[in-house]
Structures are given as structure tokens and as C-alpha cells.
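Asker: Could you have a look at this structure, given as C-alpha cells, before my questions?
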Amino acid sequence: MAKEPKLAVIPLGGLGEIGKNMTAVRFGENIVLIDCGLMFPEEEMLGIDIVIPDITYLLEHKEQVLGILLTHGHEDHIGALPYVLRQINVPVYGSKLTLGLVQGKLKEHNMLEQVKLTTVKPRDIISVGPFKVEFIRVSHSIPDSMAIAIHTPVGTLLHTGDFKIDQTPVDGEVIDLPRFAALGEKGVLVMLSDSTNVERSGYTMSERVVGNTFDETFRHAQERILIATFASNVHRLQQAITVAHKYERHVAVVGRSMANVVQVASELGYLHIPEGTLVELDEANRLPKNKVVLLTTGSQGEPMSALTRIAMNDHRQVDIMHGDTIIISATPIPGNEKLVARIIDQLFKLGAKVIYEAVSGIHVSGHPSQEELKLMLNLIRPKFFIPVHGEYRMLKRHAELAKELGIPSENIFVGENGQVLEFNRKTGRTLGRVTSGRVLVDGLGVGDVGNIVLRDRKQLSQDGILIVVVTMDKENNQVLAGPDIVSRGFVYVRESEMLMEEAKTKVKMALEKCCVRGISEWAAMKSVIRDDLGKFLYEKTRRRPMILPIIMEV
Ligand SMILES: [Zn+2]
Ligand SMILES: [Zn+2]
């Protein structure tokens, strides 16, 4: 009898980080991908726009990749699609709203025509090669989110996707606990589950709580109301719109991404806007202040966002006025706290009343807290468990939680991106690694900015640059003009004329030294200039600007 193929799970992103989620599931010679997300750059990635997973492994096994399955429409799950599909064009499966958002992306990249998108609904079971793929409804901070069960001859793999257990969801579509229980009853070989909120005890509150807080705030607000939240949180937008309608206010949308989501979500029937409620921004500006609600992005303090520009008095159409109520309906993602705090300060200074995270009920998370994670583990009782979607300590905590519930520690895998985890009906093991990592996207360049470019950018950002220009005679190595020095970001030249003169002298001395030692190669001369000038400047200023010698020959 031929040996039965094994089931392998290969995380290509999302482990040890929050972002660029992507998991390859391999059975024999067949691969499906779950999610295809991006990550926003970290602070030290200067000038980088987005970060996507390294897909070298997939490119090496291109003909085996059968499709991409999407859990939901957040950027950390769909954001890398245009880049990946350009290299591996396979069918994409997802819910209606998820694919609606994907379409917008593909259109921006001029790829809509080339990609096959297939809409699936919760409880649909489709065949992708040897895989029977089932979609199961979950609650999350974007509608139409689904867990994915992949049934294979050796057993079932369940990926929860991002989820929470909301007993009173805004759209009435409750997480399909009966289906999860049934899967658990039948037996699940491997489960991968969301670790984002594993550090929080108890249950995550229902999204409906936010609606109640909106209602309370609207009832007391005398003037204009401005709500900043994630564009993709359609349920929250719905609650804002519903409450606005109740208090006879009109709603205007500020910011391109928010306008885009409002359009897609209402076209697809996920957002219900009462007739006449939505108005253009300039119309809102003409209405009495107590008749207006503005919805905007920028709840993370993103420097280019509408809210930041509004707070900095730099928005073309929106000025903050004394008496405005501003609701920041989000928690800063770790790393963004300072940006958000600065915006809140600024808004207070402009005379607004700001309601933010510290006030309970203005934001609830879309991810499960400990009790929900336990409930999922107990419903499924998987043989093997892989915590995903979290930084390393979160994966560790989630593993602990699973152990407390009786999953043997040898059946729990705290993995890393690129690690191959292989399972048969009875055993699971780690089996080497494949290439994985991050690919940086800057403008139109994908992967062309690496460590060397980033190191240069870092140096430039810290101490600036000095450009030394000398014109020389090729025949006899005589200096014909210069040296001239141009600097940016190093010192304020007008106040440092002395230093600049001394620097020029240093360059001249360096050139004389070259002459005496018989150094006539341009590259060697440049290196002497760089070393001598660098040493001099460091002694004088304790700074290390980038030095760029240019020798022009005539
Ligand atoms: Zn999500
Ligand atoms: Zn996510």
C-alpha cells in the first residue's frame, strides 16, 4: 500500500508578529493558502510603505498552489494579495464583503480582469484539489468574517481566523457555535487559533456596547460630533449612523478610505443608511452644528490621516470648533500610543471635548479574550494546537491556556514563520524550515529596499549628509576647483561657516596626503577623504554624517 501523504502547516506570516498573516496548508503535492496579508512598517523601517510576506517557498512550488482562502477583509489578511497574485495567479475564495474589498485593491493595481474571485458563504463546502474547504461564521470587527475548516483524508484542520464570541452582534449574525461543536464532536486534527487578546482575562464585550455609548454621548452633545474609527469596522459605522438618525443628525464622511468602505459596504448591503442621512462634507459644513456627525479615519494617529490633519489645523474642509465632541472609537495599536496621545492633546487645546479609550465602552476589541479562547478550545478539543496571530509572548500564553485545558504540551506547537509542521492521523512534528521573512514595499519597488538601503536611511536620518565636490585634472591629479561642501541635515551651515572652512582644509590636506603617497585611484582617494573628514567631524561635533565625495575630472 502506498504511504498516505501527510498534512503540513507552514506559517509564512503572522507568527511572532501581528500582521502579514499567511499560512500554507500542504497535503501531498497540493497547497492552499489561508489569508494573504500585509503588515505596516515598524518605526525603524524608514520610508517603507508596507511589508508583505516572503513567498519564495510558494514560488518554488508554484504549480502546487491551488488557491487562496480568505477569512475576512482586514489588511493584515488581504493586503498582500495584489503582490502575491501578480506572481502566482490562483483563484481566491472569500465572503461577499471580503471580496468586495479585494476588488477595490485589484482595481487600484489594474489586475481586476486577471484574477478569479469566487464568493462563498458560511457553511459552504467547496472542493479545491484534494481539499474539502468549509467556511464557518465568526464574529469580528468587520462583517462577513469566517473560520476555515479544511477536510483532508488524514483529518480536519481548523483555522479560526480572527474571531470573538459576540452573543449580540450588530447585524444579528451570531458566530456559528453549533457548527464548531459539531466539528469538535467529529474530531479536529489540528486547530490554529487567534492569540491577539490572550493576555486579557474574561470575555471581550459585545460590539453593541459601543452603540449604547454612542447613544449616551449623542444625547448630551450640544454641537458637532466627530467619530474617528477604523474604516473597515462596518458595524461601528452602522451604529454611528443609526444613532445619528435617531437624534436627527446628518452624517458626512471624511477621508478616502472611509468613503470607499461606506460605498462598498452599502452597495453590498452591509450598511443601511436611512434616506437623506448621508450628506456631502460641504453640505454638512452649512448645517447647524447640532445636526452634524462626521465620520473619519485616523484613530491610530497616522500622520497623513484626516484626524491628524484636522487636529493640526491642516484640513481643507474641517476646522475643530469650541464645543465639538470628538469620539476616538479605537485603542491605539502598540507603538501608536504617543501619536494618538498627541492628537488628543491637540484636540483638547482647540476647545473640543474628547472622549477616548480610557472611558469605557467607546471601543471594544474584535478579538477573543481568555474565556472565549477556552470556549473555542473546549468546543473543538483538537488533537494538535497551533496558536497564531500574535507576538511570541502571546503565542506562549495561548499555549499555556491550551495546556491548562488538557491538551498535552507535546501536541502544542508554538511555531515560527517558515517552520514546517507535519501531521498524520496520530503524530505531529516540526520538520525543518522553508524560506520566510519580510519583503519591504516602497512606492513601486517590491523587495528592492533591503538592509543596506535601510542602514543608509537610518544614518541620513540621524546625522545628515555631507557632499564634497572636487574638480581634478586627470593628467597630473591637480585640484582645479573646490573642494566645495554641501550639507543637509548635518549642521545649519550659516551658523557653522568656521566648521565648513576647516572641513574644506581637511579635504585639501587629505588630497595632498594622497599625492605624497602616490594614491591616484579615484576610489582610494575618496576613501581617504571620507576617513579623514569623518574623523575630524566626529571630533568637532560627535556626529557621524554620511560623507559622499565626488571627484569630477577634466
Ligand atoms: Zn481582523
Ligand atoms: Zn488580523
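Any Cβ shown, glycine's included, is placed from N, Cα and C.
According to TrEMBL, the record shows the following:
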type	residues	note
ACT_SITE	Asp194	active site, proton donor
ACT_SITE	His367	active site, proton acceptor
BINDING	Gly47, Asp49, Asp442	Ca(2+) binding site
BINDING	His72, His74, Asp76, His77, His140, Asp162, His389	Zn(2+) binding site
BINDING	Ala231, Ser232, Asn233, His363, Val364, Ser365, Gly366, His367	substrate binding site
DOMAIN	19-214	domain 'Metallo-beta-lactamase'
Asker: Under 8 Å between C-beta atoms and at least six apart in sequence, can you list the same-chain neighbours of His74 (Zn(2+) binding site), or say none if there are none?
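Answerer: Long-range Cβ contacts: Gly37, Ser141, Ile142, Asp162, Ser232.
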Asker: Kindly point out which of the recorded positions His72, Asp162, Ala231, Val364, His367, Asp442 have a C-beta less than 6 Å from some atom of ligand 2.
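Answerer: Going through His72, Asp162, Ala231, Val364, His367, Asp442 in sequence order, those close to ligand 2 turn out to be Asp162.
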Asker: Would you find the one among the binding-site residues Ala231, Val364 whose Cβ has the most company, meaning other Cβ atoms within 10 Å?
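Answerer: Answer by Cβ density within 10 Å: Ala231.
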Asker: Roughly how many Å lie between the Cα atoms of Gly47 (Ca(2+) binding site) and Ala231 (substrate binding site), rounded to a whole value?
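Answerer: That comes out at 24 Å between the alpha carbons.
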Asker: Is Asp76 (Zn(2+) binding site) helix, strand or coil when read with DSSP?
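Answerer: DSSP call for Asp76 (Zn(2+) binding site): helix.
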Asker: Of His72, Asp194, His389, which is closest to Ala231 (substrate binding site) if I measure between C-alpha atoms? They're all recorded positions.
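Answerer: Nearest by Cα distance to Ala231 (substrate binding site): His72.
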Asker: List the binding-site residues Asp49, His74, Asp162, Val364 whose Cβ sits under 6 Å from any atom of ligand 1, in sequence order.
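Answerer: Cβ < 6 Å from ligand 1, in sequence order: His74, Asp162.
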Asker: Using a 10 Å radius around its CB, how many other CB atoms surround Asp76 (Zn(2+) binding site)?
Answerer: 22
Asker: Among Asp49, Asp442, all listed as binding-site residues, which has the most CB atoms within 10 Å of its CB?
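Answerer: Its Cβ has the most other Cβ atoms within 10 Å: Asp442.
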